[in-house]
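What TrEMBL annotates here:
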type     : residues : note
TRANSMEM : 29-50    : transmembrane segment
TRANSMEM : 124-147  : transmembrane segment
TRANSMEM : 156-174  : transmembrane segment
TRANSMEM : 180-197  : transmembrane segment
TRANSMEM : 204-220  : transmembrane segment
TRANSMEM : 226-243  : transmembrane segment
TRANSMEM : 255-280  : transmembrane segment
TRANSMEM : 332-350  : transmembrane segment
TRANSMEM : 357-380  : transmembrane segment
TRANSMEM : 392-414  : transmembrane segment
TRANSMEM : 426-445  : transmembrane segment
Amino acid sequence: MSDQVSIDKNKQKNIKAETSILKKISDKAVAVFLLAVSLSFHLAAIGLLAKFLEPIASWYLTKSPIRGIDTYLSAVYVNYIIKWQEWLRPEAWKYIWFGGYPFSLDYPSYYFLAMVPFVKSLGLIPGVMHFAVLGLVVFAVFSYFFYHELCKNRSLALVLAVATILSANLYRSLVWAGGIPFWTSQAFYPLVGFLIVKAINNRSWRWLFLAAVATGLGIMGHPQGFLNVILPFCLLVLIFYSGQAALEFKSRLAYLFGFLGLSFLVGLPGILLNFLPAIFRGFIQIFATFGSRFGKAQGISAVPSSDDTTGLAIIKFSRDQFNYVFSDTQLVIWYILAIGAIVWLVFLVVEQNRRRSFFNVFPFVLFLLYQIAVVFLFSRGVDFLIGGWYKAFWPIPVAAAACATVLFGGALGTFERFNQIKLFKFAKWPVLIALNAAILIYGYVSFPPVAVKNLIGRINDLSSPSSPYPDVLNVAVSDREREDLAGKLLPDFIDGNDKNKRLYAVDATVNLGWPTMFEMPLARGYVDPPIGTLERWGLFWLDSVMGPSGKGQESSLVLDWNTPEKVVSENIKFLLDWNAVYYFLGNYASDNPNILAKNAIADHLIDTNAQIKVKGSLKRYDTPDDPGGEKFYWDRYKIMNYYKVREELVSPILSANNATPILLIGDSSAYDTTYRYLGMRNLNSQKIIVATRSKYIDDYSANELAKFDLVVLYRYDYHRGSRAWKLIGEYLKGGGKVYIDTGPDVKESASGNLPEYFPFAKTVRDDIGSGWNAQVGDETVAKGVDFAKFSPLLFDGGVWNVSHPENDADIYTGTRVILKNNGKVVAASVDVQSGKLIWTGFNLPYHVIRDYNEEEANFLTNILSSLTDLSEKKVDDASYKWFSPEKREVQTNGARAVLFKEEAFPNWLAKSENGQKLQVYKAGPTSPGYIYVPFSGDLKPQQVTFYFKNELKWWIYHLVSAATLVFLLDKILTNGFFLVKPSSKILLLILKPTARWWQREEEA
């Protein structure tokens, strides 16, 4: 009997086990089925989105001329990377504009790397544009998933995703500005938003890791959208949002700092280089402009008077832009937002946890209000890191739609918690089906086929054609068309791929298109160089002599700055040589400034010129005789006027150099002033090279000074006076020549303890009178100078202090007084063994250039020529090799130095043929200065190779970024199986002895 009972029990257990297995199988089958249904719905939604996206993408890709002012800018960068970099190394150098500068100081470049496969497959311009379309696709798809994650309703998410991509506010940065990197970052708003919300809803670190990866990579692509939109949104969500259950404070802090810290590490290169500086500049701009500009408008600096119609029109235009917040965002979004707010408030009454429901909604509402306020303030002249109207509106559709979905999501969550009501079990599904049907019907009615046509019409109105000149570049965009065109754009006397000469074009649109066609560098550029405004004095100087004033055909320097034409003529020759400008392009009909000043194309400068006619002309705007808007005419031509500079006036970018080497020890003002004087006399790079490295005398060595025929001390300084003056004394005793001016406020301007080799024992600095009552001593230096024509010693109408010995008793025996004024010695010289020193005390270089006084310039020239040779020195043509932008090589042919006219950023190295490192100096009328390498008497290499090697810190930043990315991907994909867990075990093994040691210490 007991056996039978036992058998029965075993049968029952087997039946239960079989039932349990069947239940598990059926549960899994149901789960798989539900997952398949869910995925089917998602795929159907994405397919429907694709139907809306296809005509928009097709319009963008086929519209001719292509859309976006700066679309070609992305092409410039991608083309450069493909041609010279293969992959964008941290030490990459961009040589094509403004004398070159490091990529690491340029605009964020990592999206350009992502464009490379598209360009290699589709061609340069089509590839860049298809990448932009990819950005639109990512934006649309993740907008849908973002909205779905907030409301868990596919129908609402789909309708709002469609409404978002049909909002014209989204497209301005693409179709008007052509800023594809910024446009791509826009897609990261819904992408990162989805990942952050998903991480909180699921309490999943994997999703948060993905959000950090996306944020870090996006910041390295273009940080601005993250700075003023994406990161503020993420911070609000992480601080306030909880999802359907309460989020512990510790977990919230962990998510918040985990996201920020990991994003920082992944995006380290972009953050330290672009993001943090942008924050600093942005907040300075906000605080500087909030009070002073509120109520004005972008583009004007003062409130206009009632009769200033132009100023009033600008203000009206700026304020009217605010209306586009609402009119260019699909009204469907605003309607759903309003309905969602009402429904949410109704359900809030019966919500058990009103506090959590409120804080789930709060960050989205606050962020939407913040974005609207930012645009409003921008319309009133206050810029919260926006930078232009085309960047102002794009977050609004997403912020409003996200706000609507979180409101509906909150209400639906409350609705689904009515489980305790029996009627609810029967009414739930009919209500949800009816709700979804209503939403889909509303979406269907709201978005008929004409909705897409209306959007395309609107963004077409908002758009602007691409910029490059000639206009045909905006129409003939295939690689084959562009290759055929390249051979028709240049005259016979220009080799467009000669990388040792430069072309100067006033027209920025030429500078934009040129690098995509030719390898020859340009003296100007399109994107501003990464230096401060004050440091651009050399660029402004070049433009002011080459470009005309609005007052006439002469150079701006003549008519706007009252500079004598003779001085300007010398300036032009000086700057053409120093900047290796062999060719000009200008003087043609265009929508952009391109006229060359008549001084720049004078017969004594130009060897020959040629005019190229290029088929195809774009009318961008209405004109009285040609209304009807934008139109491209194939039967019209654009003109390109080229000028070739006389060969003897200029020298190449990289060459051996025999010009007299002069060392300037002084600050940046001294450097600027000295070069402006040199420009007055066209003492160019074939005559003398004035180089510098530091303003501190004792930063140099005796061996360095020995390389130079003359040392100029002007606005100098030193760390230790005894060491500095000992160095100068040894240089003089060894036969060196020194010119020093103590007129500026330096320590020797008024001193009772001057170095022994000064012409006198002590100096004072005071006013000696403004007029000139000159007494000439040394006739050699003063020869041919009319001191009566010197400008008064006045500084903006006030006192001009002069450094001088107080009386003649302070003058040493052997001193030759060159010049006295009003009885005070203001210039003197003294021999120091085989060397010679000339001193002036009235800030002569600056006094020369204040009024461009010819007689003062003659006097300074006499001083220098009495110390060194200022004549022109030719050198045999030296062959050079171009390996890459970061590596060049030149044969010296026995010359005294090598001059490399690319900007001397700190990481340029020079080495001889045997690998010996050579000291690099800065020279030339630019900032930071071109690269100059003088040789010492005992070392004259036959060959010099230049290398650009970026700082170690940038490699470290990239290594940290890459390592963080790899570890995060390991954690996301394998839960740390390959790297994180093994690394943790190794770390524990390393730390274990340390822990035991600490334990023993505590026990002791």
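Going from the start of the chain as shown, residues are counted 1 onward.
Every residue gets a Cβ built from N, Cα and C, even glycine.
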Seg_contact(the transmembrane segment (426-445), the transmembrane segment (180-197)) with at least 3 CB pairs under 8 angstroms, min sep 6: no
Selected stretch (most C-beta pairs under 8 A with the transmembrane segment (392-414)) from 29-50, 124-147, 180-197, 357-380: 357-380
Top Cβ-contact partner of the transmembrane segment (124-147) among 156-174, 180-197, 226-243, 357-380 (pairs under 8 Å): 180-197
Remote residues contacting the transmembrane segment (204-220) - C-beta distance under 8 A, at least 6 residues beyond either end: 108, 110, 185, 188, 191-192, 195-196, 198, 226, 230-231, 234, 255, 258-259, 262-271, 274-275, 961, 964-965, 968-969, 971-972
Recorded stretches the transmembrane segment (332-350) and the transmembrane segment (156-174) touching, at least 3 CB pairs under 8 Å: yes
